[in-house]
Amino acid sequence: MDSIIVTGNGPLNGQIPIAGAKNACLTLMPATLLSDEPLTLTNAPRLSDIKTMTELLRSLGAEVTQLQDGQVLVMSSHALNNHVADYDIVRKMRASILVLGPMLARDGHAVVSLPGGCAIGARPVDLHLKALEAMGAELELKEGYVHAKAPGGLKGGNVDFPLVSVGATENALMAATLAKGTTVLNNAAREPEIVDLADCLRRMGAQIDGDGTSTITIQGVDRLNGATHPVVTDRIELGTYMLAPAICGGELECLGGRIDLVGAFCEKLDAAGISVEETKTGLKVARKNGHVRAVDVTTEPFPGFPTDLQAQMMALMCTAQGTSVLEEKIFENRFMHAPELIRMGAKIDVHGGTATVTGVERLKGAPVMATDLRASVSLILAGLAAEGETIVSRVYHLDRGYEHVVRKLESVGARIERISGQ
Ligand code: UD1
């Protein structure tokens, strides 16, 4: 298993290009299952999760071709010959459940294993299933698989989500594009990845209104056509690299960054004393002289502070002046980075979904273990600011969500290297 060695090396300066969003791409790819014409995605990120989704789509009979070193994905589902998403692939990645809605909508049947994914809580899929049932799907759970049928096709319906779920909104949105009649999704997620999916589906001929608000209305159509669609910028990769100069000092421009993708996060950076400036090409972030102030953070569905930036924000708060309270409201058990940061000298108390962080003058390098995707990158950020060497093991988590992390950080002055097989 590979490790990453980071040595604190002072301020970071320069530019980092931000890739297309993993979470958008993982929901755009299953949209190919809705049409027998090709769907082309540009600005796709090069990540192991994308490879897993490619493997899953191919196992269903879809053709997936990677062009331009994987930044362009050409997919065609004209000859689906299998409607079973197998446990061996699905267990690697929770987003696999997103093939359920499209397959069921197009062909009236699908069998999908219940997913695994990051170890950050129970993460059920009941809301996905309830939404499909509201559109007339008949579902049965057998031996770890969801068996779904809609013999006469899905029918438009009212879906009332009791809590906001990104994945369930995406599954329902895709399924509703081919359902007969009108579907209304109430209390829908408003994340930029949902808007990106709706944009792509509209290019394919779907009729969708209200994405980006909590009520989405879909008028079903008989068929969808092919399209070409650019994947939206990854707001989590963006926020992660924005934190690098905040933690280490210096000035970094994140190319392709947009304020509207990270509004609540930027408000917290501002309160912490970090400047963010919009440029023609992205967002410029600087911690010129002053210290970082402690700020409190509560994770919420978009447009609130994203749960996927909580671990990285905690790394910043470890050396801030004062005490900050971080509340995790989306996933239980999402503080697995805290004990690792403590190994580096951080002062953190975790009680249930609340972490209290008291800033220390300096973190110290230590061997630490990555436990999930966002936790791994928070340890790298902490290592960049620590005195001495930090060895982050189990970095395979990182490959799921950050392309070329070593290359990108090295190019702005970080001392970071990847070691194989340790
Ligand atoms: C997506 C992202 C993930 C991100 C999360 C929150 C993808 C592939 N994954 O995950 O990286 O961390 O949004 O931004 O895009 N819930 C249920 N029942 C369900 C579904 C969800 O109870 O059927 C609960 C979850 O346990 C959680 C909350 O709803 O407490 C929100 O989860 P959800 O928005 O669905 O997250 P994901 O779509 O899994």
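A Cβ is built for glycine as well, from the same backbone N, Cα and C atoms used for every other residue.
If you look up TrEMBL, you'll see 7-409 marked as domain 'Enolpyruvate transferase'.
In the three-state DSSP scheme, Asn23 (phosphoenolpyruvate binding site) falls into the helix class. Sequence-distant contacts of Asn23 (phosphoenolpyruvate binding site), defined by Cβ-Cβ distance under 8 angstroms and a gap of at least six in the same chain, are Ala95, Val166, Glu191, Glu193, Asp234, Ile236. According to TrEMBL, the feature phosphoenolpyruvate binding site maps to Lys22, Asn23.
The UDP-N-acetyl-alpha-D-glucosamine binding site annotation in TrEMBL covers Arg94, Arg123, Pro124, Val125, Asp126, Leu127, Asp308, Ile330. Proximity of Val125 (UDP-N-acetyl-alpha-D-glucosamine binding site) to non-local residues of its own chain (separation of 6 or more, Cβ distance below 8 Å) is seen for Ile97, Leu114, Pro115, Val146, Gly167, Ala168, given in sequence order.
Taken from TrEMBL, the feature active site, proton donor applies to Cys118.
What TrEMBL records for Cys118 is 2-(S-cysteinyl)pyruvic acid O-phosphothioketal.
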Could you round the CA separation between Arg123 (UDP-N-acetyl-alpha-D-glucosamine binding site) and Lys22 (phosphoenolpyruvate binding site) to a whole angstrom and send it over?
19
Separation of alpha carbons, Lys22 (phosphoenolpyruvate binding site) and Asp126 (UDP-N-acetyl-alpha-D-glucosamine binding site) (Å):
23
From the Cα of Lys22 (phosphoenolpyruvate binding site) across to the Cα of Arg94 (UDP-N-acetyl-alpha-D-glucosamine binding site), what is the distance in angstrom?
13
Just checking a number: largest C-alpha distance across Arg94, Arg123, Pro124, Val125, Asp126, Leu127, Asp308, Ile330 for the UDP-N-acetyl-alpha-D-glucosamine site, rounded to a whole Å.
22
In which DSSP state, out of helix, strand and coil, do we find Leu127 (UDP-N-acetyl-alpha-D-glucosamine binding site)?
helix
Sparsest-packed of the listed binding-site residues (Leu127, Ile330) - C-beta count within 10 angstroms:
Leu127
Select the most exposed residue of Lys22, Arg94, Arg123, where exposure means the fewest other Cβ atoms within 10 Å, treating these as the binding-site residues.
Arg123
